[in-house]
Amino acid sequence: MRLVVNIPTYNEKDNIEELITKILSQAKFMPQIDLHVLVADSHSPDGTDQIVKRITRTNPKVHYLDVKQRGLGVGIIKGHRFAIGRLKADILAQMDGDLSHDPSTLPKMVGFINDGYDLVNGSRLTKGGKNLLGWHRRLFTKGSSLYCKLSWGTFRLSEYTNSYRVFTKKLFEKIDINKIPWRAKTYIIQPAFLYAAMTSGAKIKEVPITFVDRKKGYSKAKIIAYTIDVIKFGIKARLQKSKMLIKFLTVGAVSYFLNAIALGLLNRGQIYALTVFAKPLLSMIPETGAPKLFFLILDRLFVASLISIELSIVFNFIFHENWTFKERSHKGFVLLRFLKFNLTSIISPVIQLASILIFVRVLHLHEQIGLATGVLVGLVFNYLANILWIWKAPPSKLT
Ligand SMILES: Nc1nc2c(ncn2[C@@H]2O[C@H](COP(=O)(O)OP(=O)(O)OP(=O)(O)O)[C@@H](O)[C@H]2O)c(=O)[nH]1
Ligand SMILES: [Mg+2]
């Protein structure tokens, strides 16, 4: 297994050699790993390239890539692409080039990849982690992580703006890089990549890290611009998530009308009070004196209701399958998903019935409150069943 540690750099001449030595010294703790270091440099004018190129001449495990343009995201993405394409990496790692990250955490992080995790996140905010920067930087890290949690709607991770990470080549290749603002001037690539990993269903492990302040060189972070980008990204993520819910509700609303129209035409030949046909479409089925099946009377209203409900279930399913949840996993047989969808569609009216009975019989409240509550709970139940069971976050193997 080949691990390539990608170090994005811009003017890190005072740190880079010491960092490379420290990373390579970790090889003895990972005997099964072929450890390489790649410096993805944005054409630093300070001579970082000269130092790295000198090392590459004597050490075949060290590589230099001039990514030409400025931007941390450019260094990260072009570096990882090079690591996969040219260096044949199986595992990718990234850390800052200013010795803020401790390379001795690497073996532990790689260990979790070997255990089957897709991404290992070095966090300052998890138990045991430390952030030794000034108060305003600590505030940024904490504030932006809290903001990401709230706006993305996920509380699975403690930190979202970190840069020390290890992940699999498979995960990197699965992520649609074009959806990530990796050419931005700020470090938005870091939370954005994490977001993409999470929505692709990656199995993520956090390990505590200590972030020390750089001793040499200067900071390139633009915290105000970065904060604005984090806020903008959070809004985008929120809208993205809401989009699915809005589609779900739209399909539900349209299907209600479809249901109502079908029921009216089949049972009365009418759409609401408007007469369309002289006779109901199911006029051959009697309204009274219909045959019984166990305790069910198979009259026209019963058959018409059954057909129109199933019609709306089929309509819902077709639109959820191809529109609402198009981006999510469609693993397995479509017929199986359809059967699951029918099952969850039946549970919703049961919830409504239970809610009406509880509100009236137990709480002694009006049945309309029970119905409204039941509709709401049924809706939430349906939505959750759809996203957690029928159309899971893709792909199911990596959840
Ligand atoms: N390739 C590339 N790397 C960059 C660029 N800007 C910053 N980096 C690297 O990104 C890493 C993080 O940048 P820093 O300036 O240390 O940012 P920071 O850690 O948030 O700030 P400090 O804690 O003050 O150091 C370092 O390795 C930088 O050299 C860039 O334009 N291109
Ligand atoms: Mg730094």
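All positions are counted from 1 along the displayed chain.
Backbone N, Cα and C atoms are what each Cβ position is placed from, and that goes for glycine too.
What TrEMBL says about this one:
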DOMAIN    6-173  domain 'Glycosyltransferase 2-like'
DOMAIN    301-391  domain 'GtrA/DPMS transmembrane'
TRANSMEM  245-266  transmembrane segment
TRANSMEM  301-320  transmembrane segment
TRANSMEM  341-363  transmembrane segment
TRANSMEM  369-391  transmembrane segment
Residues in the domain 'GtrA/DPMS transmembrane' (301-391) grouped by DSSP into helix, strand and remaining coil: 77 helix, 0 strand, 14 coil
Outside the transmembrane segment (369-391), six or more residues from its ends: residues with CB under 8 Å to it: 244-245, 248, 252, 320-321, 324-325, 328-330, 337, 340-341, 344-345, 347-349, 351-360
For the domain 'Glycosyltransferase 2-like' (6-173), the mean pLDDT of the predicted model: 97
Distal contacts, the transmembrane segment (301-320) - CB-CB under 8 A, six or more residues away: 247-248, 251-252, 254-256, 258-260, 262-263, 266-267, 280, 282, 285, 287, 290, 337-338, 341-342, 345, 386, 390-391
